[in-house]
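Novice: Got a structure here, written out as structure tokens. Questions coming.
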Amino acid sequence: MRRKLGSSTITFTSYTCIVIFLFLQSSSLRLVLCQLDEFSPPQLQSPAALDFLTQVAYSRLENLTSDLLSSKLVQDYSYCIENPEAEWNTAFNYSSDVSFLTACLSKTGDVTRRLCTAAEVEVYFDSLNNGGLKPNRNCNSSYWVPGCEPGWACSADTEEPVDLKNSQEIPARGSDCQSCCEGFFCPYGITCMIPCPLGSYCPLATLNKDTARCEPYSYQLPPAQPNHTCGGANIWADAHTSTEIFCSAGSYCPTSTERIACSSGNYCPMGSTDQRRCFKLTTCDSRAASQNIHAYGVMLIAALSTLLLIIYNCSDQILTTRERRYAKSREAAARTVREKTQARARWKTAKEAAKKHAIELHSQFSGKFSKRNVTHSEQDKILNHAENGTTDDLYPSMSTVSQLSTSASESKSTEPSHYVDMKHGKEDESSSFEVFDSGNKNMKKKTSKDKEIHTHSQIFKYAYSQLEKEKAQQQQNKSLTFSGVISMATNKETRKRPLIEIAFRDLTVTLKGKHKNLLRCVTGRIRPGRITAIMGPSGAGKTTFLSALAGKAVGCTVNGLILINGKTVSIHSYRKIIGFVPQDDIVHGNLTVEENLWFSARCRLSADLPKPDKFLIVERVIEYLGLQTIRGSLVGTVEKRGISGGQRKRVNVGLELVMEPSLLFLDEPTSGLDSSSSQLLLRALRREALEGVNICMVVHQPSYTLLQMFDDLILLAKGGLTVYHGPVKRVEEYFAGLGIIVPERVNPPDYFIDILEGMVKTSSSSGVSYTELPVRWMLHNGYPIPPDMRANTSATATPTLNIDHGYDFPGSVTEEQSFAGEVWQDVKANVERKRDMIRHNFLKSADLSYRRTPNIFLQYKYFLGRVGKQRMREAKTQAVDYLILLIAGACLGSLTKANEASFGFAAYTYTIIAVSLLCKIAALRSFSQDKLQYWRESASGISSLAHFVSKDTVDLFNTLIKPMVYLSMFYFFSNPRSSFAYNYIVLLCLVYCVTGIAYALAIFLDPGPSQLCSVLLPVVLTLISTQLNASKIVKDLASFCYPKWALEAFVIANSERYYGVWLLTRCGVLQKYGYNVHNWALRLTFLILAGVVFRAIAFIGMITFQKK
């Protein structure tokens, strides 16, 4: 019975022929061939002759190897052979022991004529590749010799010349057929011998009568041939096809004819040529196929855990200790300044009392001069008040503001100093408050600020002394005389910010696509040094009006004229000195109140401003917003409660106040605040207005007391039409002129809004409907009335209007559109909106603010500190991420052992899916949780590049740690042959790549879709990458999938540790999956480049499609 080889097929092509051709050229048998012609068989029985033949054969081995390395055949199959010389040494270098050759020479007498030629090798491997043996010259249906049976070989006929390099013709073989020699294998259907590679075990077979098989092989004796016996080995193929000649696991084979059991303390994987010493702390019993290295995994986990605990705990302790010492130093400085201020006040009180007592005594002795002296004394007091006074709590005259505005707008120098000169301030501080040691005379000299104020204690004392001076001046300002007011108003050192005045004429904002007016024909101006309130019912366009002035109206058409300081320039030219407080409290919840304020101050104040002045600004904002008690408290998030809603609102405003704006927009800053908190906020804004800041804010039905704290009022009706624009003190007078009288005990703002809503009807005596109020205002100021609003109106009559939520353009299409038309209009409007967003984001206007903010490197430093603190406070979340990776590594490592036949292909496939999925979801948090904060910061001029790079830099820590965390379980459970370092490098590149993809998903998609894509993307791409019999389109698509790059790098790194008898397996697996052993570094490069490209895409998307 003949045995077919159809069941022993392999997937690789005729490259195996070349490998065996390498065997023939490289082996000692090939060398012996040239020498055997000189010896007769009887001579071969001499031990001396055998030794001589062996020495001669191996003396020419080096020359034949160099010929082999230059062979074109080896180069054609270099995809699985990285170093041909090294591969030859590990597979066919028998120089250490050639006993198998000596034994074969002794058995057969002439080995030369029994070796397979290149043509016969090709026939053998074609049979493996094609699933069956093709008939050849010696073995066919009409001619079959015993040498055709598995494990047997014949000698070439005496008249037949034998050329082992001949790959065209098969020599005739039929004489002296006998069993194959030990150390060789003789395939079925071919009457010749091929040497077994190193790492194999090829003994003579013995017949098992129970199974009728020739063990340790699986072939059977041919039927009807009683004289035929079991021969030698019959097949060498890849591990998928047959592992019969592989040296079994738990044993090692120093030669192909010797097998030794692995001793205790050593381990021997399948195909070993020697035993390997087990590492310390591992357990290796006798006949162990692998070492138990779980202890190293436990040690690595313990080391990582200790390292992470040290990093997080020590860093947290360092930050906490530093903040505590910082707070103690600050409180000590504040206490010292407060005590000295109180002592100074007591001294002044005593001095005044003594002076008054002296005046009284003097008046008793000199009656006629008493009046004069008292008069002079009062005059001295008034002059003293005038000299020491400031303008912190006085409202400046509009003529003064106008002059200052003109001078500021014409200035071409750099940004003027925002504060009183530092040296002058310190001299006042030393003389008035005695903060510094009075005995040190050098401190009173005019020296450099950096030399005098550089420690935290000095900075604190300086700042708190200035604050105490401001408080004292506020108390003095309440009782100032007329001369003191004049002195304060003309003091040039009290106002150093550039002044911004905005005038607008016929301002109309129309929603694109729907042709709906959100704002219409609004004319007026908002002036520096004044607080303007914008009020109106819902749908009146208050926020739209604020956005239009701030240059943030997206998706709308803005018509009309807007002048900045009398010039038609873009509002974005003053972006660095304009603050915008959004309606929502957009604050970093995982930072403290002080950290939020300090970051805004560092990034947005002038880079030339000294640190003491910056500290003074932050402390002043904290003081005037009433945030002293919560300055060290976390703001809080939805999941973790922090400060109250009112306090959060004040922090939201403080973020803009600390940058010392010249123009400040606030969208409903008092919403959600109680009366006292609202008044506290307005007092802080009042102080900003006294320094020349132009403040415009939207408010909802303020109390009467709060209303009186505003200077101007803009009252809008539904449809965005102006009802009133002027001083707050005259609003009741204006409406009274129209016959609208506010009833007693009714809050005027509430009453006006109720009228504009139509909830309260005007009295019949007034003759004015709430729909007529916008036109009345136009007539009152002489503004032109739009034609559609003058319809059916005589020169003396007031038009009756139907004011709804908006007006349509004159001549616009009012007839009902089709469904397709409406869809097209919506699509068109959305496209225009996206275009406007991109244009706004890339719009570059000339900088007219003359403020040099910190460069990108300084901002990167500030961002790095902030993001680092945020990550420290997210330690629990990071710990959960690491724990999940540990569990995933343990599960996959234990359930999917690294299969040696495929070099761990399946285990690495699951690894790529799991690591990609877990790392992507974790990386989404970097940019998806603080989009609103980024949009606000970028709109104020803070560097987007510093924001992005700082987050990526901090995330590099996770990129380095997470592969190690996963491998600490997976590697030591699956125990692949590739080194831990190789696996770590590949996994590191993979995590870097998927992190960049996660950044792009987080920026372009909302949190829900981005998480869904993070789960589906690695699964889908991995399925595409592992398709073997796919179409060309799928294969081309797989070439661009990152899982294929990572999987190829993993398999290549593992396959290089398999050599000798594993050579055919390596070549077969690499050809099956289309991998190349030379592409390891290239695939890692692709992963890194993909990570860089996706980061660039994410950054471009972040600055292009950000919300304005």
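Heads up, the Cβ atoms here are built off N, Cα and C, so glycines get one too.
The compositional bias 'Polar residues' feature in TrEMBL is assigned to 387-411. Annotation comment: TrEMBL describes 412-429 as compositional bias 'Basic and acidic residues'. Residues or ranges marked as domain 'ABC transporter' by TrEMBL: 502-743. Marked as region 'Disordered' by TrEMBL: 386-452. Residues or ranges marked as transmembrane segment by TrEMBL: 12-33, 879-896, 902-923, 956-974, 980-1005, 1080-1105.
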Novice: Using Cβ atoms only, state whether the transmembrane segment (980-1005) and the transmembrane segment (879-896) have three or more pairs under 8 Å that are 6 or more apart in sequence.
Specialist: no
Novice: Given a Cβ distance threshold of under 8 angstroms, which distant residues of the chain, six or more beyond its ends, lie next to the transmembrane segment (879-896)?
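Specialist: For the transmembrane segment (879-896), the list is 301, 304, 308, 906-907, 910-911, 914-915, 918, 922, 958, 961-962, 965-974.
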Novice: Determine which residues of the chain contact the transmembrane segment (956-974) at the Cβ level, with the cut-off under 8 Å and only residues 6 or more beyond its ends counted.
Specialist: 293-294, 296-297, 300-301, 304, 308, 871, 878, 881-882, 885-890, 892-894, 896-898, 904, 907, 911, 914-915, 919, 922-923, 980, 983-984, 987-988, 990-992, 995
Novice: When the pLDDT values for the domain 'ABC transporter' (502-743) are averaged, what is the result?
Specialist: 90
